[in-house]
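Q: Below are the features I grabbed from TrEMBL:
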DOMAIN    2-139  domain 'Nucleoside diphosphate kinase-like'
BINDING   K10, F58, R86, T92, R103, N113  ATP binding site
ACT_SITE  H116  active site, pros-phosphohistidine intermediate
Amino acid sequence: MMEKTFLMVKPDAVQRGLIGTIIARFESKGFKLLAGKLMTISDTLVQKHYAEHQGKPFYADLVSFMTSGPVFAMVWEGEDIIQIARLMMGPTDPKKALPGTIRGDFATRMNRNVIHGSDSAESASREIGLFFDNSELIDW
Ligand code: CMP
């Protein structure tokens, strides 16, 4: 099914100069970039984005990490992209992410895990709406 997903290069990966490498993986796979922007995110936006994790032990660190420097937020489109992008990212825990996946190749720590990707169609549409105005998505 043709789908859109929200992907975000996290502050650790922006700092390490990995934006281009990460974009290249999704381009080479055959997916289409519809929108992308370098931005700093407010506490309010992180809290909305990660509302489901509020109250968890790692939540405070997650919020301070995500607001510690710029992120690169993107919308991508492709066949079954939500599931395939998650395979390409690898599991949240870098100890379980195989080499060849983004986290397997570039991350060692759960709380500095390089990239975020939507986990379902509902999350994708919610997250795209939080970070982008409809007019920012290019139809091409
Ligand atoms: P992400 O897919 O962006 O969603 C929530 C983030 O919280 C997750 O990636 C991790 O970066 C971070 N996190 C830190 N500790 C944990 C944990 N124990 N379980 C799940 N997520 C965690």
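Glycine too: its Cβ is placed from the backbone N, Cα and C atoms.
In TrEMBL, annotation is done automatically, which means it is predicted and not curated.
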Q: For ligand 1, list the recorded positions among K10, R86, R103, N113, H116 whose CB atom is within a distance below 6 Å of it, in sequence order.
A: N113, H116
Q: If you count CB neighbours within 10 Å, which one among the binding-site residues T92, N113 has the smallest count?
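A: Lowest Cβ count within 10 Å among the binding-site residues (T92, N113) is T92.
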Q: Does DSSP put N113 (ATP binding site) in a helix, in a strand, or in coil?
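A: For N113 (ATP binding site) - judged by DSSP and reduced to three states - the answer is coil.
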Q: Can you tell which of the recorded positions (R103, H116) has the fewest other C-beta atoms within 10 angstroms of its C-beta?
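A: Counting other Cβ atoms within 10 Å of each of the recorded positions R103, H116, the minimum falls on H116.
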Q: Do me a favour and check the Cα-Cα span between R86 (ATP binding site) and H116 (active site, pros-phosphohistidine intermediate); whole Å is fine.
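A: That separation, Cα to Cα, works out to 9 Å.
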Q: Long-range neighbours only, meaning 6 or more apart in sequence with Cβ under 8 Å: which ones does F58 (ATP binding site) have?
A: M110, N111
Q: Measuring Cα to Cα, how many angstrom lie between H116 (active site, pros-phosphohistidine intermediate) and K10 (ATP binding site)?
A: 7
